[in-house]
Every structure is written in C-alpha cells, then in structure tokens.
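Colleague: Encoded as structure tokens, here's the structure I'll be asking about.
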Amino acid sequence: MKAAVIVFPGSNCDTDMSYALSDFTDAETVDLVPYTAESVAEYDAIFLPGGFSYGDYLRSGAIARFAPVMQSVIAEAEQGKTVLGICNGFQILLEAGLLPGAMKRNKDLKYICRTVDVKVENADTRFSGEYEKGETLRIPIAHGEGNYECDGQTYETLKKNNRIVFTYEADVNGSTGQIAGITNEAGNVLGMMPHPERAMETLLGSEDGRRLFTSVYRHWRDTHVVTT
Amino acid sequence: MVNVHVYITLKEGVLDPQGHAVQNSLTALGYEEVEKVNVGKWLRLEVADGNNLDSRVENMCEQLLANPVIENYTYHVEREAKV
C-alpha cells in the first residue's frame with residue numbers, strides 16, 4: 001500500500017499520521033505530499049491530517065478545499081480510493097462536498113482537548129474492520145469546531161445506511177446524533193474528529209487508534225494482494 | 001470600483017452557539033428586551049464594476065464565502081457617488 005499524507009500550510013498532525021502508518025502498518029511507502037502536488041493518483045490511500053490549514057480563516061477547511069492537490073484528491077475519492085480525513089482533514093472533506101454536513105463552533109464555544117470515549121457504531125467498513133461493533137475506544141479530541149451539523153433528512157440517511165462509524169459516548173460538542181465520524185455513500189471516504197494517530201501507544205495514553213490504520217491496511221491487502 | 005458588502009449568517013433553525021452566548025450576556029447586563037442574537041460575518045470586497053457583478057458575487061458566496069449547508073448570505077453593492 002502506498003499512502004499519501006497531505007501537508008497543507010498549517011497542518012500539524014501530518015508527522016504523527018505518517019508515523020502511525022509507517023510504524024504500525026506494512027505500508028510500502030508513506031509520503032508526506034505537499035498541498036501543491038498536482039496528482040495523488042499513484043497512491044492507494046490518501047490521508048488528510050489535523051491542524052489549522054490556512055489558519056482556519058473564513059471557516060475551517062474552506063480555503064484548503066481549493067488547494068491545488070484537492071482536485072486530484074476529489075477525483076481519486078470519486079473513483080473509490082481510500083480517503084481518510086481526521087479533524088481538520090474531516091472539515092476539509094466536508095467543505096469539499098465529499099461528505100455531507102458542516103462543522104460549527106463547539107456548543108460551549110470552548111476548544112476541547114482531552115481523551116474521550118468513542119463508540120464504534122459500524123465495524124463493517126474498510127476503516128473499522130478490526131474493531132468490534134459497540135466497542136468503546138479511548139481517543140483524544142482537539143478541536144474548537146467539531147459540532148457536526150446536518151439536516152434531519154441527511155441524518156436519517158446516514159443512520160439508515162450505517163454511515164455513522166463513530167459516535168461520542170457523551171455529548172461533548174453538540175454534534176447532531178453525537179456523531180464523531182461518518183463515511184460517504186460508497187464507504188471509501190471517512191471523516192472523523194477524534195485523533196486515532198494520537199492513540200498509538202499505551203505509554204502515551206491509549207493504543208485504541210492503531211486498529212484504524214491496520215483496518216485500512218488490511219482492506220488494501222485483502223483487495224490487492226493475491227495470496228498463493 | 002465598488003464596495004460589495006457581504007453578510008453571512010447561520011440559517012434559520014441552525015443553533016447559533018455564539019449568538020446564544022451573547023444574548024445571555026446581554027440579559028445578564030439587564031437588556032432583557034433582547035430576544036435573540038445572531039452572530040455572523042461581514043466581508044467588504046473592493047470589486048471592479050462590471051456587467052455581471054451580481055452573478056459573480058453570488059458565485060463567490062456559493063463557492064467560497066458562505067457554506068450553503070448551514071449559512072445564508074446577503075450582499076449589497078455600494079457605489080460611490082459620481083462627482
């Protein structure tokens with residue numbers, strides 16, 4: 001698996017994401033790809049990291065969504081390639097229209113930075129295959145605008161089609177349905193606010209994030225490597 | 001050159017946590033007559049005047065300045081009086 005971690009001006013979780021992939025999966029390559037790159041077509045999986053791309057000016061993700069590399073990211077996503085956005089990466093995917101809904105300021109207007117309980121709602125995706133449905137994960141969140149908003153019809157569609165992959169066990173930020181992570185209709189694009197790449201080592205608090213990356217790797221292996 | 005003033009607000013029905021906080025604060029200060037506050041953004045664009053100014057500005061709002069999922073926009077064009 002060739003993995004690309006996109007680096008926008010203001011990304012700050014790119015290195016953590018890159019370590020998560022290179023230290024915990026058997027990915028053949030993990031490249032930090034600059035936002036100016038013209039194409040990401042050579043990669044099997046594309047990761048949009050957390051941070052404050054373009055200073056979060058206007059709205060989180062609103063300007064990054066038009067970064068040169070995004071045209072190729074959108075094209076690859078539409079062709080079914082694995083695309084994962086974490087935190088600011090999720091906000092960029094929403095702004096790009098690859099996922100439905102939008103982010104608002106957290107309901108209590110505070111930036112929240114702590115480890116929370118995240119429930120696995122759907123363990124039957126390429127991002128969550130190594131988790132158990134209903135399992136509680138300890139994963140850090142770090143955001144000021146993670147209050148997920150969508151209209152009632154969109155919410156019902158997400159629910160009905162099992163596109164809500166992760167929820168918060170408590171109402172931490174006001175998100176509709178306590179949503180922490182969703183996929184697109186085809187299931188190849190996931191956006192989530194919690195930071196699995198910060199939950200890779202028990203020594204540092206939790207290793208519950210590991211299986212997200214190993215799930216992505218396993219899905220790629222199962223669909224691309226012919227076993228003899 | 002004209003000034004285009006763009007106002008962006010959260011759609012009706014979308015909870016506005018900032019507006020709510022400001023309203024609570026006004027109530028605490030004794031301004032109990034304030035029933036609702038909406039917090040939004042104001043942008044001033046200096047734009048070369050042209051035939052399709054309105055449609056260009058609308059496109060700017062739809063494409064970048066506002067997020068149509070949760071936000072509404074209005075704008076008005078301020079033309080300087082000719083001397």
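Cβ atoms are placed via backbone N, Cα and C, with glycine included.
Sharing the record's features from TrEMBL:
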ACT_SITE  A:Cys87  active site, nucleophile
ACT_SITE  A:His195  active site
ACT_SITE  A:Glu197  active site
Colleague: To the nearest whole angstrom, state the Cα distance for the pair A:Glu197 (active site) and A:Cys87 (active site, nucleophile).
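Modeller: That comes out at 11 Å between the alpha carbons.
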Colleague: Name the residues of the same chain, 6+ apart in sequence, whose Cβ is under 8 Å from the Cβ of A:Cys87 (active site, nucleophile)?
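Modeller: A:Cys13, A:Pro49, A:Gly50, A:Gly51, A:Ile141, A:Ala142, A:His143, A:Gly146, A:Met192, A:Met193, A:Pro194, A:His195 - these are the non-local Cβ neighbours of A:Cys87 (active site, nucleophile), listed in sequence order.
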Colleague: Please classify the secondary structure at A:Glu197 (active site) using three-state DSSP.
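Modeller: DSSP assigns A:Glu197 (active site) to helix.
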Colleague: Going by DSSP, is the residue listed as 'active site, nucleophile' sitting in a helix, a strand, or coil?
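Modeller: DSSP assigns the residue listed as 'active site, nucleophile' to coil.
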